[in-house]
Amino acid sequence: MNETLIFLERELYFKNLSKQTKKLMEKNGNNRKLRVCVATCNRADYSKLAPIMFGIKTEPEFFELDVVVLGSHLIDDYGNTYRMIEQDDFDINTRLHTIVRGEDEAAMVESVGLALVKLPDVLNRLKPDIMIVHGDRFDALALATSAALMNIRILHIEGGEVSGTIDDSIRHAITKLAHYHVCCTRSAEQHLISMCEDHDRILLAGCPSYDKLLSAKNKDYMSIIRMWLGDDVKSKDYIVALQHPVTTDIKHSIKMFELTLDALISFNKRTLVLFPNIDAGSKEMVRVMRKKGIEHHPNFRAVKHVPFDQFIQLVAHAGCMIGNSSCGVREVGAFGTPVINLGTRQIGRETGENVLHVRDADTQDKILQALHLQFGKQYPCSKIYGDGNAVPRILKFLKSIDLQEPLQKKFCFPPVKENISQDIDHILETLSALAVDLGGTNLRVAIVSMKGEIVKKYTQFNPKTYEERINLILQMCVEAAAEAVKLNCRILGVGISTGGRVNPREGIVLHSTKLIQEWNSVDLRTPLSDTLHLPVWVDNDGNCAALAERKFGQGKGLENFVTLITGTGIGGGIIHQHELIHGSSFCAAELGHLVVSLNGPDCSCGSHGCIEAYASGMALQREAKKLHDEDLLLVEGMSVPKDEAVGALHLIQAAKLGNAKAQSILRTAGTALGLGVVNILHTMNPSLVILSGVLASHYIHIVKDVIRQQALSSVQDVDVVVSDLVDPALLGAASMVLDYTTRRIY
């Protein structure tokens, strides 16, 4: 199905959505509302379920909400966290005391048994159409088992993920009991499909907690930091620690916790320590805390519970988070906060580049070294687990459930092929990148698909000042990201192509060309990442052109090739052994400044005789103006309006119409470029040279002639071609995003 048809189908779907939903409700039984039971067991799962509950509550014409509270919510030692549900103004229909104290393996089993005894009466009374169950806790397994045996449909949140401990087994067991699945990442979706779940009943929505996370960072946070850590604590100068027992290796996890506390004491930073969850081994971990005097240590604040809204602010502005909570590898990435993930509890989870893993430690030294490496850093914001639009997708998914369909699950054997993915609209979202091209004249932003198709492009004049330029970039990117949702494109990140010398590791423009003013020592990554909550890549426009050829153009599959851009200036990029060459000071591939004549014209770089001084658009414009001033440019059939500046295109037009002097200038320019290519062939010995840019087609034949005359015979067979890419800078900027995110398995 082509892209146009997909977009038309999507628009038609949205126009008819309310009508279809109405018909479906009538089919479900005389316009009856869908009765949804949300069961929450602890503070962690409530942070994921609360956004869905709020969404359900805002649509009373479609849903009735019943809330069941059980597990550690109702235990004083764990903060009586059911109160935060009441504070959120939800009516709790049922409270079930299901925890058997003891905090060991037997107590967990007995707690599951107690929940199984109590739940049937509750479910018989509430008679929900569907039960929403989250995650991988033993309480959730009891909920799913009860609902499945009582013929109640189950919607499982966060299935398909991989982590350590017994949680993996419980999560996958709930998956097999559940009728519908909401997953957070494309990998999780593929895991569910591989587990033979019906892909029509899988929704790739993202994590519901991200709907709150991505709108939370700009709130007043200093008062929250002071409340939990003291009046003298500054943003980015404290640590949040959250560590739970590993039920499959309790003894080792307690040892790791002891080493963690020793390292934190040695590191000597203010630290907020949250008590562990109720899993087997938690009692021993609390004993370790008390043995080391953590609750009375001046550098530590030990708490049982922090409300989720406040916890978000605390981790968003922390210097580091340490522990083994899933929050560290999932939610904290949305803020780019450094994380140290300890042990095996989260092994297998997809993580952003902000996470440093310490799988094992015999002493505190390894953990202490990790703290020194991570504390105070700021990483690009990661959206691996969500883009802030999960709840609307989940509500649409709920509305689409047909209660008249058979309750019996269908399993798909064999698994469907990789890359087949279906969301609520039955349309594959197009994995895409936001590409930004900062040129001397124009500023362009585009939505680029994985196939290199420019879905939509926006163009504005490039402002002259830094302030105006950065504000315009942010504005255009925000508008494009919003438009991407309407176009059914999932944006994976932002790639920026700009003139000048760039440090791609830090996302900083070190020195710009003279064409772009006020553009030295500019950090592009941070403002864009903070605004869009997306990872951001930045590189020189010549390098981006080479990347575009490697992914989408004539360099695809080649190990070594060189790209030369012929435009306003002359730039380039070098691909060697499939990788882009940046050089020791990020100055590699400044091919426009190869010197081809000791006595040549002055170049904008301060030298003379460079390729750019002969063959760039600026050089041709300079020569065209000289001819025009001497009345030697125009020939029969040509004219230049008074309000139009003479440029390179006029020189090319004159040459085509037989102007001998214009032809001579173009021949000299092409020869200079050809000599530069010969130098490249002798230095790099690539298998291909690609000429890109508006002037490439005018130079190609002259360049090939120079190679035949001047190059060594061993390189004369190297092919020189004109690029067939229309927007290499935009495509190259997009390729930085698409290559990196797919290699990371987004």
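Any Cβ shown, glycine's included, is placed from N, Cα and C.
According to TrEMBL, the features are:
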- Asp541: active site (ACT_SITE)
- Arg501, Thr513, Asp541, Glu590, His593, Glu612: N-acyl-D-mannosamine binding site (BINDING)
- His593, Cys603, Cys605, Cys610: Zn(2+) binding site (BINDING)
- 61-399: domain 'UDP-N-acetylglucosamine 2-epimerase' (DOMAIN)
Same-chain residues at least 6 positions away from Arg501 (N-acyl-D-mannosamine binding site) with a Cβ under 8 Å from its Cβ, in sequence order, are Val509, Leu510, His511, Asn540, Ser585, Phe586, Cys587
Students should find that the Cα atoms of Cys610 (Zn(2+) binding site) and His593 (N-acyl-D-mannosamine binding site) sit apart, in Å rounded to an integer, by 5
Expressed in Å to no decimal places, the gap between the Cα atoms of Asp541 (active site) and His593 (N-acyl-D-mannosamine binding site) is 15
Quick note, Cys603 (Zn(2+) binding site) and Glu612 (N-acyl-D-mannosamine binding site): C-alpha atoms separated, nearest Å, by 7
Within the same chain, the residues at least 6 apart in sequence whose Cβ is under 8 angstroms from that of His593 (N-acyl-D-mannosamine binding site) are Cys603, Cys605, Ser607, Cys610, Ile611, Glu612
Given the N-acyl-D-mannosamine site Arg501, Thr513, Asp541, Glu590, His593, Glu612, its other Cβ neighbours within 8 Å of the Cβ centroid, in chain order, are Gly499, Gly500, Asn540, Gly542, Gly569, Ile570, Gly571, Gly592, Cys605
Taking all protein chains shown into account, the Cβ-based neighbour count within 10 Å for Cys603 (Zn(2+) binding site) is 22
Same-chain neighbours of the Zn(2+) site, Cβ within 8 Å of the mean position of the Cβ atoms of His593, Cys603, Cys605, Cys610 and not counting those residues, run in sequence order as Gly592, Val595, Ser604, Gly606, Ser607, His608, Ile611, Glu612, Ala613
Lowest 10 Å Cβ neighbour count of the binding-site residues Cys605, Cys610 is held by Cys605
With the fewest other Cβ atoms within 10 Å, the residue among the recorded positions Asp541, Glu590, Glu612 is Glu590
Span of Arg501, Thr513, Asp541, Glu590, His593, Glu612 as binders of N-acyl-D-mannosamine, largest Cα separation rounded to whole Å, comes out at 16
Mean pLDDT across the domain 'UDP-N-acetylglucosamine 2-epimerase' (61-399) comes out at 91
Quick note, Thr513 (N-acyl-D-mannosamine binding site): same-chain residues at least 6 apart with CB under 8 Å of its CB -> Gly440, Gly499, Gly500, Gly569, Ser604
